[in-house]
């Protein structure tokens, strides 16, 4: 559904169907209700077909039989009305704005920001549509991209065609908050390298890695935004470009990788849209600290608990991760990706990345 | 010094002069030394001419008479050599990379990251040159810009001319980490609005404020990066565009404004380059919470201490700020800029901003 008008019509229809179900329930003398999967890590299952983690079969039913649940459904009805208006007027808003707008909704006013966030997630699950289709904008834009790919963005100021190497400054093309407005036109890329730090993004650019290897460089800016994950997924799925994730070597960075490759528990209902199961990890591994004799720091208490938690996280239940995580706990060390600089500023682009990319089969030279 | 080669030559010369002083001192049988202003808030003074806060007269001398100071100067010598090599080879690096590279400097190896950061600041002070001239890159890029201004960026892939409304996507033009490579070509702007949150940046764009008022929208992304502050300064100084800062109404946001307008204590030696003294505050004021009946939250303990600290901060020693800060402590409330949404999504662009901009004389309609 790349045509915006078509998308809006379909979204409106889906939301109206929800209201119709309630209407019919009431008409039949039933108490209106909604059914949702239980959203905890005990209800996450691996889906073989799509290769992502999704919510399992456990469901919870919420019906308007109690004052609390009735209020919740009233809020949902208000939100549906709000979104419908947005779609009709071709406007958009942030979750934060919607929260403030609810000031005028009397009993349906939200008590706290996370309440409205959660409700939008519920609506995403029920309608099986992403919030971007509701014209709900995230606060933050996505990552920046620099490399041999041409996009076409449908902006409020008309259609813009941008080559992400030739038509941008050194800071690259900024992924907008709604990636559905971006069309991937063509490319000449061997892979997409999603990079954790700005320093490493610039290092690869300065060393000409994008030119020498036709690599698309993408600066993740920490835990990747929805728009970033969606963009990675689309470059991988629509254009068939392999995605690799290049991070520091600590538990927080492994989570960044996991959220790109497997999705997150919080948005398991969006995994099919946001996760790139074939994305491979080429960040600093505990075994690399030994192999390359990298400068390292001791693990903090928080690091140790995070690593332990990852040992029980289904997303890290592979031989590779278990071996590396156990090794890290044993060594009690972590290294940053920029630590490769201790072997010279060219080491990462002349040695480390080419050898890693060949090892995992992305580079065939 | 917009010509990069000229800039590099001048920088190298200045650094070599430092080494020459040491050489001469040793030749004369003196102990080599450096003199620096004391870098605390007790040595910050308002400079009437440039209208910014700078370091005062207090100085501290460091000479190589003790092992500790001698090691410090050895490190400085290594850093000077490192920068000289960078300039010769036309390369650049981050502070983090330099920290790791010092692994090979034996006794001059840095013990911690902040040690190398501090040393670069010392070099900035002594040479009166910004670290960007040393080819030291910050980790993060600057803010994004959307509005009627055309720039020319000297990138590693050639010269790029970009109109920040016509040639970019909705996320705007990303300010690169070295603003000295950007030339401001021409513009059609009435003002630059530096905006704290991404939600409000998109709101103004969606509502067409950039078109209706020829406003350049700039998304600060929290505490503004050096590149962002330098860009604001240059747009104001070179093009004469008024700068206004639009933030939330809490002590942290006032600090964002202060760092744009007055500079920060940490980089007081860079104030003339980074601060925009004429920048005016149009963020949410405590008096606005009453005036517009905005949804508000109670102050936290941290908020209260931060407000109290601001009452003794020389940068907030004006009637305006003292009145507003005292009012806020009394009301015990704070509001976010997106709280204007409680009065409808158009209120901020149809009512609040036009009236504020007229009030402070930026808008003459």
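Backbone N, Cα and C atoms are what each Cβ position is placed from, and that goes for glycine too.
All annotation found in TrEMBL is predicted automatically rather than curated by experts.
Contacts of residue B:100 (active site, O-(5'-phospho-DNA)-tyrosine intermediate) defined by a Cβ separation under 8 A and a same-chain sequence distance of 6+ are given as none. Under DSSP, residue B:100 (active site, O-(5'-phospho-DNA)-tyrosine intermediate) is assigned to a helix (H, G or I) in the three-state scheme. Residues or ranges marked as active site, O-(5'-phospho-DNA)-tyrosine intermediate in TrEMBL: B:100.
All chains included, 26 other C-beta atoms sit within 10 angstroms of the C-beta of residue B:196 (Mg(2+) binding site). If you look up TrEMBL, you'll see B:196, B:248 marked as Mg(2+) binding site.
According to TrEMBL, the domain 'Spo11/DNA topoisomerase VI subunit A N-terminal' annotation covers B:72-135.
Marked as domain 'Type II DNA topoisomerase VI subunit A all-beta' by TrEMBL: B:139-188.
If you average pLDDT over the domain 'Topoisomerase 6 subunit A/Spo11 TOPRIM' (B:192-356) in this model, you get 94. The feature domain 'Topoisomerase 6 subunit A/Spo11 TOPRIM' is assigned by TrEMBL to B:192-356.
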Counts by DSSP class (helix H/G/I, strand E/B, coil) across the domain 'Type II DNA topoisomerase VI subunit A all-beta' (B:139-188): 3 helix, 24 strand, 23 coil
Candidates from B:100, B:196, B:248 close to chain A, where recorded positions are judged by Cβ under 8 Å: B:100
Cβ-Cβ distance under 8 Å to residue B:248 (Mg(2+) binding site), same chain, at least six residues away: B:196, B:197, B:283, B:284, B:334, B:335, B:336, B:337
Three-state secondary structure, residue B:196 (Mg(2+) binding site) (per DSSP): coil
